[in-house]
Structure formats: C-alpha cells, structure tokens
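**Q** Sharing the features that Swiss-Prot gives for it:
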type     : residues                                                       : note
ACT_SITE : ASP82                                                          : active site, proton donor
BINDING  : HIS83, HIS180, HIS208                                          : Zn(2+) binding site
BINDING  : GLY181, GLY209, ALA210, SER211, ASN230, VAL231, ALA232, THR233 : dihydroxyacetone phosphate binding site
Amino acid sequence: MYVVSTKQMLNNARRGGYAVPAFNIHNLETMQVVVETAASMHAPVIIAGTPGTFTHAGTENLMALVSAMAKQYHHPLAIHLDHHTKFDDIAQKVRSGVRSVMIDVSHLPFAQNISRVKEVVDFCHRFDVSVEAELGQLGGQEDDVQVNEADAFYTNPVQAREFAEATGIDSLAVAIGTAHGMYARAPALDFSRLENIRQWVNLPLVLHGASGLSTKDIQQTIKLGICKINVATELKNAFSQALKNYLTEHPEATDPRDYLQSAKSAMRDVVSKVIADCGCEGRA
C-alpha cells in the first residue's frame, strides 16, 4: 500500500530527528515535480491540498493520481487536507480515501476550537485517519482565508498541552512567528517558545509558513521538535515566474508540453532544497 497515513511518517521523523515536507500542489505538473523529486531522493513527502485545490482538481481525480504515481514510483505518499474548516467537507474526503486531515478552526475561541477539532478527531479516528490541528494563528493568506498581522497570535505552551489532550489530535501546528506567503524580511522565530511547547506536548509538531525561511532556521526548528514543514507559496512563485519568463522569451510557444518544462524545473529546485533542509533524503 503506497498511499499512507501521515501518522507513521511523522512518528518516524520524530524518532529520527528530521522533518517530512508537506508540499502544496495544484495540478498534474506540480504533483509530478514533487513525486518525481521525492522518489529520486528516496524522501518521504506529503502531498497537501487546500480546499481550493481539491475544488479545482476534484477529490477523486487527486486521489487517483496520487495512488497511480505512488505505485509507478514504488514510493509511499500521503495525501493531506490542508487548512480545511468544515466537518462535512472533511468527512466526504475521508470517505473518498484521504488518510490525513488538518482541521483549522484556530480563529475560534479556545473552547470552541477544542470542540470543533474533537468532533473531527472522533470521526477520523474511526477510519484510521490522522488529524492535525492548529493552536495560535499565523498571519498572511492561505487559500481564501486571510489573517491580518495584528490578529495573529503565538501558541501558548500550557494551553497546547490542554488542547492536545482534550482533542486527541495526532500532530499540532504551532505559531512561533512564521506567516503564510513570502517574507519581506527574515522573520524572528520564537525558538524558546517552540522548545517550551515541545516540553509540554508529546506529539509531532508542525510548522506552517515555511516558504522563504533560511536553511538555518528550518534546521533549528527541527532540532526543537518540528516534524512536518509546510511549503506552498515558494513553490507557486518558482513555477509561475519561470513560466512567465519562458513565455516572454518565447512568445511563439503554444505547446504546454514544452513551456511547462521550465516551470517544472524551477519548482524542482525548490523541492530538492526543502527535502535537503528537512534532512529526510534517504528516509523513505
């Protein structure tokens, strides 16, 4: 079985002192880049999709594509619902075969966040589906959800333990100073907060908003307990900019099989670097 849950992946990463990258994909080409690169580097990876991606590509289509590529490359893959907010939407996709879910209602008050997350956990665990949730809130925009910098807040380590125990989640996404999107300047990550969270929470920890972080910062977060690194914007930017450049230089180009190659190559460079930064090459 090549389509797997993230639970074992992240537990292996936790024991091994590395992180598993979760790459947000959008179509056939972006998925090809992630899977082909991961297979060539023998690295465990997570294929992540926001609600918008699943709407764009179709849940059944994405599931079939992940399954086919996992078998083709003899490489274990996990497909993950990223930043999903609605129970019915999650339930439908779980019934379609998705094995990993992020329920994100971190904008709600603490008690409501617990209640909504626990409802999803209770349902998903019946199907052996792993669940990630977020405590604290990142600034920036992910899909159609935008959080102003003033409304972002960091994860409280003591609350994090209560949250993890009350919900039964399998992994916890933390807010320590990252944001969705690219950074105008390098963020100042709160490493001491992350270290405290690890001491209070006995779960794999997840870092969102990793696009544009330095290798040094990524590797320091892994040392302090991060087991899953989410990358989205950096992939889109590399793909899109290379495509724009190619079409500007070759205005006569009309064959997608040709002009998409430069976009895939640029994105492949990002995927390779993230895998190396996460220390997961050769771990699949």
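Just so it is clear, glycine is given a Cβ too, placed from its N, Cα and C backbone atoms.
Note that this is a predicted model, so its numbers are computed, not measured.
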**Q** Rank aside, I only need the closest one: which of the recorded positions ASP82, HIS83, HIS208 has its C-alpha nearest to that of ASN230 (dihydroxyacetone phosphate binding site)?
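**A** For ASN230 (dihydroxyacetone phosphate binding site), the spatially nearest of the recorded positions is HIS208.
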**Q** In angstrom units, rounded to an integer, how far apart are the Cα atoms of HIS83 (Zn(2+) binding site) and ALA210 (dihydroxyacetone phosphate binding site)?
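**A** Here the two Cα atoms are 15 Å apart.
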**Q** Using other CB atoms within 10 angstroms as the count, which residue among the binding-site residues SER211, ASN230, THR233 scores least?
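**A** With the binding-site residues SER211, ASN230, THR233, fewest surrounding Cβ atoms within 10 Å: THR233.
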**Q** Whole-number answer please: how many Å between the C-alpha atoms of ASP82 (active site, proton donor) and VAL231 (dihydroxyacetone phosphate binding site)?
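**A** Approximately 11 Å lies between the Cα of ASP82 (active site, proton donor) and that of VAL231 (dihydroxyacetone phosphate binding site).
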**Q** Please classify the secondary structure at ASP82 (active site, proton donor) using three-state DSSP.
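**A** Strand, per DSSP.
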**Q** Using Cβ-Cβ distances, find the residues under 8 Å from ALA210 (dihydroxyacetone phosphate binding site) that belong to the same chain and are at least 6 apart in sequence, listing them in sequence order.
**A** THR178, ILE218, ILE229, ASN230, VAL231, VAL274
**Q** Which three-state DSSP class does VAL231 (dihydroxyacetone phosphate binding site) fall into?
**A** strand
**Q** I'd like the Cβ neighbour count for VAL231 (dihydroxyacetone phosphate binding site), meaning other Cβ atoms within 10 Å of its Cβ, all protein chains included.
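**A** Cβ-Cβ neighbours of VAL231 (dihydroxyacetone phosphate binding site) within 10 Å number 27.
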